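For Asp140, Cys186, the entry in Swiss-Prot reads Mg(2+) 1 binding site. Taken from Swiss-Prot, the feature Mg(2+) 2 binding site covers Asp140.
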Amino acid sequence: MNPLFTQERRIFHKKLLDGNILATNNRGVVSNADGSNTRSFNIAKGIADLLHSETVSERLPGQTSGNAFEAICSEFVQSAFEKLQHIRPGDWNVKQVGSRNRLEIARYQQYAHLTALAKAAEENPELAAALGSDYTITPDIIVTRNLIADAEINRNEFLVDENIATYASLRAGNGNMPLLHASISCKWTIRSDRAQNARSEGLNLVRNRKGRLPHIVVVTAEPTPSRISSIALGTGEIDCVYHFALYELEQILQSLNYEDALDLFYIMVNGKRLKDISDLPLDLAV
């Protein structure tokens, strides 16, 4: 019998395959490959073969693939993370945000002040010009935690009343908003400046928060280690990059004998900058 997280990982891959998000076109190019780059072509094909990708007449448009990848990542996080209630109990929510609401995170406690900032910028063009877009942060997926009522806090012992711990972030009785636990950026591929904006958004999350910093992570299906490293290497902006098929990526790099790419792969893995998608739920439980 396989562990549940192995099953969740297989379901995640099956959804990508069944939806033709990960697919091979009739020219042999896999949907997450750069067809003009030989290494990208070969690595992506190797991973797709291991995951049993089928041939389709044409790949999905880039934006469609990206949105679908976000949705499937969100479903994976939701399903896997809820199995960790015994490790990380709480009233959790996982939500796909996308680019629909540039102030979605202002609904949560650490970033509630951004609403007032946005309003002030709206009313003052000079302030808007000075601020730029540094305060607008649009995660693809968020994990949030609802606050705890005093009755639950006091369930085993009488810990708090209206005169103590009156500013505690986790306490519902203090009139606080829910907490942002994690910001997840999904990048189907990493081939443009826009794809690499995950680092700048991560830095904005660090700079603009009041209170506890949420987890800041990136999930990608990019096949080439060199492009993954453009986001993964370095520290400060993001916790870690999670690859949709890390084990398969390692296997293909070994079989293709891409030694320099494999060296970079191990630098990222051993440096705790790159992990598998199956590691994400447990890391979110920290």
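Note: Cβ is positioned from N, Cα and C throughout, glycine not excepted.
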Same chain, 6+ residues apart, C-beta under 8 Å of the C-beta of Asp140 (Mg(2+) 1 binding site), given in sequence order: Glu70, Cys73, Gln96, Val97, Gly98, Ile184, Ser185, Cys186
DSSP three-state assignment for Cys186 (Mg(2+) 1 binding site): strand
Secondary structure at Asp140 (Mg(2+) 1 binding site), reduced by DSSP to three states: coil
